[in-house]
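Scroll down for the structure; my scribbles are underneath it.
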C-alpha cells in the first residue's frame with residue numbers, strides 16, 4: 001500500500017495550501033486503497049491562481065521566443081529523465097498498466113512539448129504592400145491567461161497537450177486536473193518551474209469540476225478554455241464560456257467511433273486492429289473504435305479471431321511487467337460499464353467473451369472488468385449508440401459499402417473512424433465519406449504530436465496538437481502604416 005502526503009495546489013511556482021479546509025481522496029483502482037488526500041481549491045484560491053497567471057504571463061511573453069523554446073526543451077529533458085518515476089505515479093493513480101504508462105503517457109506527452117518548443121520561434125505574421133507609400137503587417141500575440149480542464153484517462157499527457165501550445169505561444173495556463181486522477185499535474189508544474197518557466201505561468205488547482213470548472217469558465221481574465229471530457233459537460237463549459245466573456249474554446253469530447261473491416265482485409269490484421277482499438281488502456285480511450293463493422297461473409301471467422309486474441313490479454317496487477325490490461329480508473333466508472341454490459345445482454349446482443357467483473361484472486365479488490373465482446377449487435381442497441389468508455393466491443397454485420405457508410409455516420413458523435421482494406425483506393429474512398437475528425441487506415445490509435453486531433457459533430461470544437469493548434473493560442477493584430485502624406489476629407 002502506497003500512501004502519499006496531502007496533495008496541495010500549485011500556484012506561483014510552489015505548492016501552497018488551499019484555503020477551503022476541504023479535501024478529497026484519490027484511490028488506487030487496482031486495490032481500493034487510498035493513495036492520498038487532495039486539498040480542494042476555494043474560489044479565493046482560483047482567484048489567486050488566475051492573478052498569479054496574469055503576472056507570470058507578462059514575464060513569459062516578454063521573453064524572446066527562443067528563450068521560451070529553450071526553457072520548454074529543458075522541461076522535455078527533465079520529463080524524459082523522470083519518465084519511469086512519473087509513469088509509476090500515473091499507474092498508481094489511474095490503474096493503467098505500467099507497461100503502458102512507461103512507453104506511452106509521458107513519452108508522447110513530452111513529444112508534444114518538444115514539438116511546440118520547436119515551433120515557438122516560428123510564430124510569425126505577414127506583411128503586404130498596399131501602395132507605394134503604405135503597407136500593413138500582422139502580429140500574432142498571445143491570448144494571455146488560458147485555462148485547461150483535463151480528463152481522468154490520460155492525466156499528465158492531457159496536461160502536456162494543453163499546456164505545450166499555450167506556453168509556446170506566450171500564454172499562462174491555470175490547469176484543473178480531474179479529481180479522479182489528480183496526482184501528476186503538480187509534478188508537471190514542478191518540472192516546468194525547474195526548467196525555468198516563470199512563476200505563475202502554469203498553476204494547478206484541484207477540486208470538483210462543477211465548482212472549479214465553473215469558476216474558471218466564468219472568470220473575466222481567462223481568455224480561452226481547453227476542455228477534455230464528456231459531451232454534456234462540454235456543452236455547459238462552452239455555454240458558460242460564451243455567456244461570461246465570449247471566451248474561445250477547444251473541446252475534445254466523446255466518441256462512438258466506427259471501425260470498418262472490408263471484405264478484402266487480412267483477417268489477422270483486422271482482428272489485431274479491432275482488439276487494440278477496443279482494449280488498449282482497458283478500453284478507456286475516447287477515440288476507441290467500439291462499433292466494429294464486419295462483412296457478413298467474414299463474421300464467423302472474424303469473431304473467432306477476436307476471441308482468440310482477447311484470451312491472450314494479460315489482466316493483472318498494473319505494476320507487474322507482464323500485465324497489459326489493468327483495472328478501470330475508478331469504482332463508480334466500473335459500475336457504469338457493468339450496467340452497459342447488462343443492457344447489451346438484455347437487448348439481445350450475443351456475448352462472445354467477458355461480460356462481467358474480474359473476480360479471481362486479488363482482482364476482486366480492484367475495479368477490473370473483463371474484456372467484453374458482443375456480436376449480432378443492432379444500431380438501436382444502447383451499447384452501440386452510447387459511449388461506454390470501457391472494454392466493450394460491439395460487432396455489427398453489413399452487406400455493402402453504401403450501407404456501412406450510412407450506418408457508421410448515423411451517430412451524434414464524429415471523433416474517429418478507421419478502415420481496414422488491402423485496396424488503398426477503396427480505403428481512402430470510404431474514409432473520405434466517414435464523418436470523423438481523426439481517421440486511420442490499416443492501423444488505429446496513434447496520435448503523433450504533428451497530427452491535429454479533434455472531432456466532428458458533438459465530439460468537439462477545435463483541435464489539439466499539430467501546427468494549426470498553435471495559432472488558436474494567439475490573436476492577430478493588424479497594423480497599417482502610411483509613409484506618405486495624409487489627406488483628410490474634412
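Heads up, the Cβ atoms here are built off N, Cα and C, so glycines get one too.
Here Swiss-Prot has 150, 151, 152, 176, 177, 178, 179, 230, 231, 232, 233, 254, 286 binding NAD(+), and the candidate from 37, 47, 387 in that same listed site is 387. Binding of NAD(+) is attributed in the record to 150, 151, 152, 176, 177, 178, 179, 230, 231, 232, 233, 254, 286, 387, and the widest Cα separation among these residues amounts to 24 Å. Recorded residues residue 233 (NAD(+) binding site) and residue 252 (active site, proton acceptor) have their alpha carbons 11 Å apart, per Cα-Cα distance.
Looking only at the recorded positions 26, 248, 460, 464, the one with its C-alpha closest to residue 152 (NAD(+) binding site) is 26. Rounded to a whole value, the Cα-Cα separation of residue 180 (K(+) 1 binding site) and residue 150 (NAD(+) binding site) is 10 Å.
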